[in-house]
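Down below is the structure, laid out as structure tokens.
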Amino acid sequence: MLEARDLYCERDERTLFRGLSFTVDAGEWVQVTGGNGAGKTTLLRLLTGLARPDGGEVYWQGEPLRRVRDSFHRSLLWIGHQPGIKTRLTARENLHFFHPGDGARLPEALAQAGLAGFEDVPVARLSAGQQRRVALARLWLTRAALWVLDEPFTAIDVNGVARLTRRMAAHTAQGGMVILTTHQPLPGAADTVRRLALTTALVLYALRANIDLFYTPGEILYGKRETQQLPAVGQRLRVGGMVMPGSVRRDPDSLKVNFSLYDAEGSVTVSYEGILPDLFREGQGVVVQGTLEKGNHVLAHEVLAKHDENYTPPEVEKAMQENHRRPQRVDKDTSS
């Protein structure tokens with residue numbers, strides 16, 4: 001099992017992610033998604049030990065990665081955005097370099113990758129897509145349990161993507177693990193791949209079965225704009241919205257507090273037990289992390305606020321722009 005625990009990463013004085021926690025068990029594969037600059041490649045480098053996080057830890061089989069680096073790397077196949085092959089060698093020679101004991105299997109691996117007839121052509125004479133296939137032919141040779149692949153389908157045609165996806169599915173069916181970044185759909189695998197969506201500067205969690213991680217109140221009520229899919233009761237999620245004026249109710253004998261979050265589409269109720277951020281204010285934007293309960297209620301385990309009286313969570317702002325309006329300020333709780 002690979003585990004990311006409370007990962008925090010900054011680049012160029014910008015927070016890419018913080019509090020990022022998830023696990024990848026035997027037989028699972030995870031697709032990391034996000035816009036340019038969201039930190040997808042950086043996350044993969046942290047997971048493979050090629051870079052160190054600014055906070056948090058990566059664990060392999062229950063042990064900190066830094067303590068079991070050698071055994072981890074024996075279990076890892078890493079193919080980065082660049083093919084990582086030697087252009088002066090042929091396709092066959094490149095595979096032999098990585099898999100010297102598998103000479104008899106090299107032609108079949110290259111054929112599976114779509115390179116039949118190109119085995120002895122110098123890689124420098126191959127197209128970008130063919131060079132990528134040389135690197136990906138290792139998927140038919142490696143005995144590594146964990147595959148971490150950064151944009152593996154770059155310059156690969158539709159048939160090649162389908163063939164590679166089938167290979168990944170076979171690997172996970174045999175108990176392997178796959179983590180990849182890609183903007184392309186995974187033919188035949190949409191129901192089995194977990195998606196982890198990175199949104200700059202937010203705490204993110206890997207959820208099950210292709211559910212986006214962030215919701216606005218309106219999306220909880222009516223579903224995502226693209227799919228109309230509602231979050232499931234019991235699902236861990238993040239909700240960003242404005243704290244409804246007049247909705248905050250504090251228990252005088254404990255740290256329990258209830259309030260409502262709203263956007264232009266509606267409102268949801270939130271309960272939380274703990275110390276609220278100093279910057280928590282009615283009428284201002286916050287992001288809560290928690291679990292969705294019945295009745296569109298969120299049981300929160302963390303509340304985040306930002307030092308800006310005009311702050312609106314970025315995802316809420318985007319949703320409002322798509323709807324051509326911002327959330328209206330309200331004077332009372334209208335969630336009931």
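Backbone N, Cα and C atoms are what each Cβ position is placed from, and that goes for glycine too.
Annotation source Swiss-Prot lists ATP binding site at G34, G35, N36, G37, A38, G39, K40, T41, citing sequence analysis.
Annotated heme binding site per Swiss-Prot: H307, Y311, in sequence order.
The feature domain 'ABC transporter' is assigned by Swiss-Prot to 2-242.
Summarising the annotation, Swiss-Prot assigns region 'Cytochrome c biogenesis ATP-binding export protein CcmA 2' to 1-199.
Residues or ranges marked as region 'Cytochrome c-type biogenesis protein CcmE 2' by Swiss-Prot: 196-336. Residues belonging to the region 'Cytochrome c-type biogenesis protein CcmE 2' (196-336) score a mean pLDDT of 74 in the model.
Taken from Swiss-Prot, the feature region 'Disordered' covers 307-336.
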Around the C-beta of G35 (ATP binding site), how many further C-beta atoms are within 10 angstroms, looking at every protein chain?
12
Below 8 Å Cβ to Cβ and six or more residues apart, same chain only. Which residues does that give for T41 (ATP binding site)?
G80, H81, D150, T181
Run through the Cβ atoms and count how many others sit within 10 Å of the one on G34 (ATP binding site).
19
